[in-house]
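If you look up TrEMBL, you'll see Cys178-Cys188, Cys197-Cys206 marked as disulfide bond. What TrEMBL lists as domain 'EGF-like' is 174-207. Residues or ranges marked as transmembrane segment by TrEMBL: 74-94.
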Amino acid sequence: MYNFCCTLPIIAGGTFENFVRPSPLFTFLELFSVTQTWRLPPLSSCRFSLYVISEETFSFNWLLAFREKLTCSWSLIATVASLVTLVSIVHMFLFPSVPSFDYFGYKQVKDSCIPINETINVEKKHILPLNATFPADLHKAVVYRGAPWKAEIGQWLSACSSVATTIKVLEPISGKKCEDGCSGQGICNHELGQCRCFHGFSGEKCSERLELSCNYPATEELPYGRWVVSICSTHCDTTRAMCFCGEGTKYPNRPVAESCGFQMILPSEPGGPKDVDWSKSDHENIFTTNGSLPGWCNVDPVEAYDLKVKFKEECDCKYDGLFGRFCETPVLSTCINQCSGQGHCRGGFCQCENGWYGVDCSIPSVHSSIQDWPKWLRPSQVTVPDNEQVTESIIGLKAVVEKKRPLIYVYDLPPDFNSILLEGRHFKLECVNRIYDQDNATIWTEQLYGSQIAMYESMLASPHRTLNGEEADYYFVPVLDSCIITRADDAPHLSMEEHRGLRSSFTLDFYKKAHDHIVEQYPYWNRSSGKDHIWSFSWDEGACYAPKEIWNSMMLVHWGNTNSKHNHSTTAYWADNWDQVPSDKRGNHSCFDPEKDLVIPAWKRPDVTSLTLKLWDRPREERKTLFYFNGNLGPAYERGRPEATYSMGIRQKLAEEFGSAPNKNGQLGKQHAEDVIVIAHPSESYHEDLASSVFCGVMPGDGWSGRMEDSILQGCIPVVIQDGIFLPWENVLNYESFAVRLGEDEIPNLVNILRGFGETEIEFRLANVKKIWQRYLYRGSILLEAERQKSAFGHINDWAEKLSELSDDDDVFTTFIQVLHYKLYNDPWRRQQTNMKNETGIPKECLLKV
């Protein structure tokens, strides 16, 4: 017997027993049978093909088509037609006002309409025709794995991705050696036979020591040079341009960052801010051994914690790898995937053990132990070349691993684009999503740009990763712009002088250099002119400043500005403005192309309180606020951004109409209402406030903001107000099913529009938010860290416990893989290819246009 969910099957001589009933139509059919079993007359003489149909496809025309597949009597067809007509009429009268069956919370398609009976083998799944009906609802969505997708994408995923099988991939295990073992100052990339040098070292053998000064050249007025983040009046570690106490002090490895080493200028008015005199060192408060007021470099932490001594308050512990008010506790630094258990993290750079390499030490060489290989390379069958002995001379092995497409090759770039940026950062919270406390337990950060690290780590640990560039479907180029921009101009060797102070131009150059490297070292770029390559741009305006050479590629961004309306730089921060970047570098491309690019969610840390209270699941009756927005509202409010261009004026317009707290002039919004909250001051119960609201505002800041993620993760219907600018997943998921998009000119009418939504529609969208909320959470990346913590220290953190209790729904990375799978066989340029991979793992019908 074949049992199907989600649509009505017509099966000769079969029964509907133990089926999943997704619509009122099936409930009605049960009225005909006390046993809840409906049986058609046997069609023993009929030859038939298995079809899956829905309520929307019931028609005489369909029966005619179905008749062509059946060699049996018209009398039986007439019987079926009569039953269908009766059911349709009753359904119409019973449920006349229901716009879609999905309003009742039933799923059109869970994983796909495939046999539930587990004895059916993979081959029989493939008898489902590609053009089988996966009907769109009235919002034009097709549901796949709980999420409402744009119809064509949802149909293909339901029919094809759901039945994908593994293929055998030949993974090359390399063993090329590097000269002189990189002199002990770097890691050997065994695929290329090239050294990846630690911070402060360079050359083919990493034998050249760099002198990275902390200070710009001195002048008579500025003996320590002009200000820069790395400015130092004590001891400079010239391998990293970082400032420490140095020899001769009680704590030589204690940082002396920025203002700590210089004299302070007291405020002219009581309560005013202090200033810094960068021309005068403050050695008295740094080096003194005075018993009651010791210098920063001699303060005993125990005495200071006991309040027995005083010290300079401007000094603190900013560098990674140290913890405590006085940097007294060495702790883990943040490295990519914490070196995968196969290396030591030295300030952000993985120093891999022998036999391993890669930015996270996850790539085994021929000298590694197979039993230690990562999960994405196991289980595997390893072949040793016949003409070689198992000795140190082996330069390559072949491992056969079963994987599903899409396959992603991750370039192991020189560390200038990732590890060195991490190792040399002057503020431990910059561009990472976690640091570590005195027990080496994870502290998640609020750094929105941490998504770049999360996506990178997920990709490196994914079963979709491959070392076989010839077999790969996509190529990821890991340039960490979140680190580049935050480190721009923070040391003399990262000067932006030739870029006129523009971080946008400075960052563009990094991407251009990465492009030049992969074109020179690898054969993959030119095969598609980079169309199958993926780049990540996490900063405020996304890929607006991408160099023209890489624009053919897919861009992963948080800012989906198509430039259809806002066709210039929208940031209010001048250094990030890309309007000034020369066109010979940038070209004339838009910031986002929805046909090829993807907006992905920003980083949000796992909030234990929200997870415990299940705020995403809060019911409608507990959501008393109609509309909620809490954020910077511009210059009219205390501590508001002074620039009129901030948020392109959108938040300011919202506050003018609906502000629910007084601005500087004591005025409320012109249309303020009791159940509409628009406030500028940070709420201490922000997540709770969102979870108590039906609709939540999503508007830009300096480019993108994290408001979409905040709304979804607290189960609130997002109200998007930013014309021509895509939000996370908006070009693949069907936003009409769970969000509201308004034009900027509709702001004055916002509340009237929202009050116009009926309860049925509100419940429908709230229900869909509940189904997709994990697609806006980096759950997989977070759980990778949970595994590392448990393995290394036995830690089982509260956030890990709460996440492990969740249903295993698709998260950000899983959604990303699903999109890649669809695009692999549906992007127009892919369809024009003649050299498609032989093994796809999907039915041949899926290679045709859906």
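The backbone N, Cα and C atoms fix where each Cβ goes, and this holds for glycine too.
Taking the features listed in TrEMBL, we show where each one sits on the structure.
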| residue | record | Cβ neighbours (10 Å) |
| --- | --- | --- |
| Cys178 | disulfide bond | 21 |
| Cys188 | disulfide bond | 22 |
| Cys197 | disulfide bond | 26 |
| Cys206 | disulfide bond | 24 |
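Note: the domain 'EGF-like' (174-207) comprises 6 helix, 11 strand, 17 coil (DSSP; helix = H, G, I, strand = E, B).
A Cα-Cα distance of 12 Å separates Cys178 (disulfide bond) from Cys197 (disulfide bond).
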